[in-house]
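As C-alpha cells, the structure follows; a few thoughts come after it.
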Amino acid sequence: MELTREKVLLLTFLRMQYSHILPDSIENRVISTEAPEWELDKSLQDLLIHDYDYSKTSFSSSPPIVANDTVSNVRKPSDTKQVNGAGGQVNHSRAEDSDYATSDLSESSDVGDDDNSCIFSFSKVPMQKDVASIKEEERLDPKISTLNNIDAIANLKLTNMVESSQAVNLTSSKQSSINQQSSVSTDYDDLRSISEESFHLSQGEIPLTFPMNSSLTDTEADAVVAVDALFPGKQRGTHNTVNKARSVSNAKAPTSALRALLEHKENSSQNGPLAENFATFSGHAESNALRLNIYFPSSESPSKPLFVELRKNVLVSEAIGYILLQYVNQQLVPPIEDEAQNPNYWNLRIVEDDGELDEDFPALDRVGPLSKFGFDAFALVKATPAQIKENQAAYPFKSKHPTSIPEANNKTHIRHTSSTSSQSQKQAQDVKDTLNTSHVVQVRLPPYGDNARFCNIEISKTTRLAMVLNQVCWMKQLERFKYTLRVAGSDTVLPLDKTFSSLDGNPTLELVKKKVRDKKGSTQQLPTSSPQNSVYGSIKKDAQSSTYNATDIMSSNTYQEFLVWKRQPVSFMGRHERLLAIDGEYVHIMPSESKNIFETPKTSSIHAGSIILCKQSKKSPCNFKMIVSKNRETKRYDFEVLSALEAAIIVSRIRALMNTVKKIN
C-alpha cells in the first residue's frame, strides 16, 4: 500500500489526543494541531505496513489514541485553557465532553514546513461518553434525567416490538409479514417523533401530550408527571390528562342491544349445529385430502369457486354440511337463512369445465362417498321441496339452536280446548312419532342359506327403499345397478320408489341380482297395510308394460363401430386413436389398427347400466364425455371425433341404450 502525505496526515491526527476544543456547537467544534514533519514519520510507516486495525479497539473514557513521540506540541487529555483569538476568552474543555468530532479538511498546507499549522474539522463522528459524565450531568440538571428516561422508554418499546416481530411464524403469507413490518415501522416512527419532541421541552416549543386512545403504562405515566413537575408554567400534559388517559384506556366501550344480538348470532353460526356435526370432516391436516372447487349458482359470484379440503372417505351428505359451514363462516353473499343451513336442503351436482351446472347429470347420491366420482369441481344447488321432504324424513337434522321462549302465565292466560280436539291432536302426534321412530331392518346377502350373511340398516318408516339399497351396496362395496331388493322367502321384488311404511311389520329383506329377477319374472303380490302406498298395482303394471328384454336387444343387429380419439392430457401423446363399438348391452373401447409404440392393446368393456352420463360438449361440439360407475368409483372418458354430427350420433345411440337397459332392469 502506497503511503501518501494525506494518509500520513490523517493517521497522525488519529493518534493524537484531543486538545484545543473550541466552545462552539457540536457540529462546528474544531480541533487544531500542528502538522508533523515528513521525515519523522518512520514509526507511522511501520504501523501501516502491519495493517493495524483501530476499529477493534474498545473505547473507555476516551479514544485509544496515543501521541507519537516524534510529534511536537501535543497535549495530553486534561483540562486545558485556550485563548480564543484576540478576544482573550478562556475556555475550559475536556476530550470526554465531545459528543462528535468532525472530518472535514478546512485548511491544508505544505506538510514539510514546520511553521505552517493545519486545522481539521470533523462532522458527526459519534464518540462514546463517559458514564460518570452522564450521571454528573443528570445530577446537575434534573431535566436531562427526565428526558433520558423518556428516551429509554421509547427504546424499550422499540426493542419489544422488534423481538415480537422476529417471533412471527415463517410460514405466514408475504402480505401478512409486510403488514406487521409496516405496523412496527409506524410505531417506531411515532416513538422517535416523541423522542425528538422531548428535546424541545426545555424551550417550551412543543407541549407534551398523549393521544386519548393510547394505553399508558405506569412508567410512562410517571414520566409525564415528572415532566409536568419540571415545567409547571408551560403547556404540558397534567396529572388530569394522565388519569383521564388511564381511565379511557381501561374503560369498556358501551355495547348496544343490537350489537350484542349480532355478536350472539355470529357466535351461534360458529358454534351451531353445522360446526358441531361437520367441522370434523375437514381435510386440512391430511396429505391425501380431497381438494375441491365448489361453485354456488345462487350466489352473487356464481363463477367464483370456493376452495375446500375434505377428508378422503367423506360421504356426499357430510361434504354438503361442511361446504355449508365454510359458506357461513366466510360470510359469502347472499347469506343463507337459518332454516336453510341444513344439508338436507341442498344437493351436490357435477359442473362443466367452465363451472356451469351440468343439467344432464342428476344430483349425487347422498349416501355414497364423494371420492368415487373422481371430479375436483362441484356445484351446491338448492334441492326441490320434494327432495327436501324426502331427505329430512330419511336423515333428520335440526338447523336451529333451541330458543328460550318465556313461559306464559297460566293464571292470566287460560286456553280452553275441547276433549275432541285434544284427542285428535294426540293421535296425530302418535302417528308422527311412529313415522319418525327409527327401525333396524335386516338385509340378507347372497348366497342364501343357513350361513347367509346379514346387514343391519337403521331407517325410519318414511325412508325410501332406494336409500336402503344404496346404503347396503355402499357398505358391501357392490355396484348398485346390478342389485335390487325383495322380501325374504318370496319372489316379490320391491319397487324402490316406495317407502318402508308400505310394508307390513318389519320384514327381512334380501339383496338379489337383477338377472335372477328377470329369469323368474314373478308377479306375486305382497300384502300391505296402506292402500295408498300399496305395491300390488305397481308390480303388476311394471310386469305388463315391460315389453323389452335382454334377448331382444342381443338378437337385434345393434353392432356399430366409430373411430374416436381418447383424450388424455397427462399422457405424452395427448390423445390416442380408439375404436368405440356398441354391441348389445355393452360399449367397447378397443385399440385401433394403427397402434404406435406408446400404446398397449387393451380393450375396455362397459355395461350400459354402469354408464351414468354421456354428453356432448357445448364449447367443442366435436368432443363428448362418458362417465362410468365402476367399483364404487366413477371414471371419466373424454373422446373427440371428426365432426359435431358424428359426436351427436354417438351420444344419442349410447343414451338410447342406457334408457333401454334402465327399462329392462
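Each residue, glycine too, has its Cβ placed from N, Cα and C.
Noted from Swiss-Prot: of Ser133, Ser214, Ser571, the annotation phosphoserine belongs to Ser133. Looking up Ser60, Ser109, Ser185, Ser502 in Swiss-Prot for phosphoserine, the annotated residue turns out to be Ser502. In summary, of the candidate residues Ser58, Ser78, Ser404, the record from Swiss-Prot lists phosphoserine for Ser404, whereas the others have no such entry there. Cβ crowding, taken as the number of other Cβ atoms within 10 Å, peaks at Ser502 among the modified residues Ser490, Ser502.
It is 17 Å from the Cα atom of Ser490 (phosphoserine) to that of Ser502 (phosphoserine). Mean pLDDT of the predicted structure over the domain 'CRIM' (255-392): 83. Each residue in the domain 'CRIM' (255-392) gets a DSSP state, and the totals come to 52 helix, 27 strand, 59 coil.
In the three-state DSSP reading, Ser502 (phosphoserine) counts as helix. Secondary structure at Ser490 (phosphoserine), as computed by DSSP, is coil.
Residue counts of the domain 'SIN1-type PH' (558-659) by helix, strand and coil are 19 helix, 49 strand, 34 coil (DSSP-based).
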